[in-house]
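Each remark here refers to the structure printed beneath this line.
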Amino acid sequence: MLRRHMSVTSIWQLMGEKITPCLRSHRNLAKLHCALGAVRWSSSYRPAPLLTAAPVRALIDEQTSIKGQFLPPRSPVTVCARMHNEDGDLWEAFAHYNTNANGTFNLTRDHSVGGSYLGCEPMGLFWGLQPAAGAREGLRLRKKNVETPYVVHVSLLDGHVSPSEGQSSELAAVTTERWYMAPGVRRIEIRQNKVVGTLFLPPGPGPFPGMLDLWGMGGGLVEYRSALFASRGYASLSLAYIGHKDLPGPHTSLNVGDSYFKSAFHLLQDHHQVCADRVGIIGLSFGVYLTLRMATQSGVKPSCLICINGPVGSTLKLLDEDGRAQHFDNDQKYWTYDDQGVVTFKEVSLPANLYPGSIAKIENLTCPLMYIEGRDDLNAASTENANLVEETLRAADKSHLLTRLSYPGAGHLIEPPYTPNSRVSLWRVKPEKLFCEWGGQLAPHAAAQEDAWKKILDFMENNLRR
């Protein structure tokens, strides 16, 4: 095939003596001109390789379709995702693909044959993100500012390569944005009636069903799940209860009690844009205990509960009837360490080790409960606690209230989908640096997050909207 940029003189030279007789008549000359034109415009030109992502801007729980086009047929390529967290640390994932006979590949259809994950995983480049080589120890990807997106640069490389090798040129690239807040969602800081939190409201006047959002003993104010709930049409209050500058100190003790959590629930319930009779509670880790404790005491009547990998009680002796507890380091006799000094708190939450006076009266539940357990949870005795919940409700003739989800290979931190799991991360810096083990295998954990999130939203739809 002759290239378009070849000169007419070159073509004539290639045709040699066969061209001379053709010039003896105008008709033949016209035919020659047509032939030359056809030769000039017949081309092996191929469009430049193209990498697309659709949509390029999406919520964190939405899939993005990534495709490659205009590549050599049946050729090896590498797709790489890179992004920086808010502290500037580089995270990356990559996967090897082979183009088909048409020179294309599609992550929703094709199988990775190597890299950060294997098989057909449409969102593997996102949940497969891990700290790049040389990164700081113990990183965990958690969004701090939900009003900005994660910006992920996706690039296409020639051949089956590792991005860290730096030997392959970039054939094409596309940039995607991953958001926790949909357009129109409102973020409102709450410092009212001594309650410390952040309220997220969906677009529009409402009223909306509501969710009170509780995290674990890591403390602080974690907003990203609440922001995503609001993006899905629920007013959500993310509540701080330990380790926050606006709460009573010291920050390593639980210095708020039952009245604080009741105030938070009522604050959400009484908001003029919230349906007062359609408010649920979700808790992860120690937040599970707080969720169950709240729901089984007088003065709080949630419409549903969602509990993720947490205990039904506490190992900490309560300092008063209001639920305040000792310094959480006081349960160190149940902490266990591996050969590298990484701590796990699994034994802390075994039902046999829970302080008897703290165990929630699960038999008093009156609303639907979803309990989600990761079978590879190395931070909490989730299976044992789920068993206790199930047995207690069965004995109370309330088994119909329980929906139990169990995920082999999933760890402690079952969060919104398409976000990467950290099997081990830095737990604290003072008084000494301590790393904590959460558990979870990368691909099974990602599958659990995707499935659990869909079922969480369905559960909320059935119990807060209907």
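Backbone N, Cα and C atoms are what each Cβ position is placed from, and that goes for glycine too.
Not measured: the values here are computed from a predicted model.
Taken from TrEMBL, the feature domain 'BAAT/Acyl-CoA thioester hydrolase C-terminal' covers 259-464.
In the shown protein chains, 26 other C-beta atoms lie within 10 A of the C-beta of SER285 (active site, charge relay system). The active site, charge relay system annotation in TrEMBL covers SER285 (among others).
Under the heading active site, charge relay system, TrEMBL lists ASP377 (among others). Cβ neighbours of ASP377 (active site, charge relay system) (same chain, under 8 Å, six or more residues apart in sequence): ASN309, LYS346, THR383, ALA410, GLY411, HIS412, TRP438, GLY439, GLY440.
According to TrEMBL, the feature active site, charge relay system maps to HIS412 (among others). The number of other Cβ atoms within 10 Å of the Cβ belonging to HIS412 (active site, charge relay system), over all protein chains shown, comes to 30.
In the predicted model, the domain 'BAAT/Acyl-CoA thioester hydrolase C-terminal' (259-464) has a mean pLDDT of 91.
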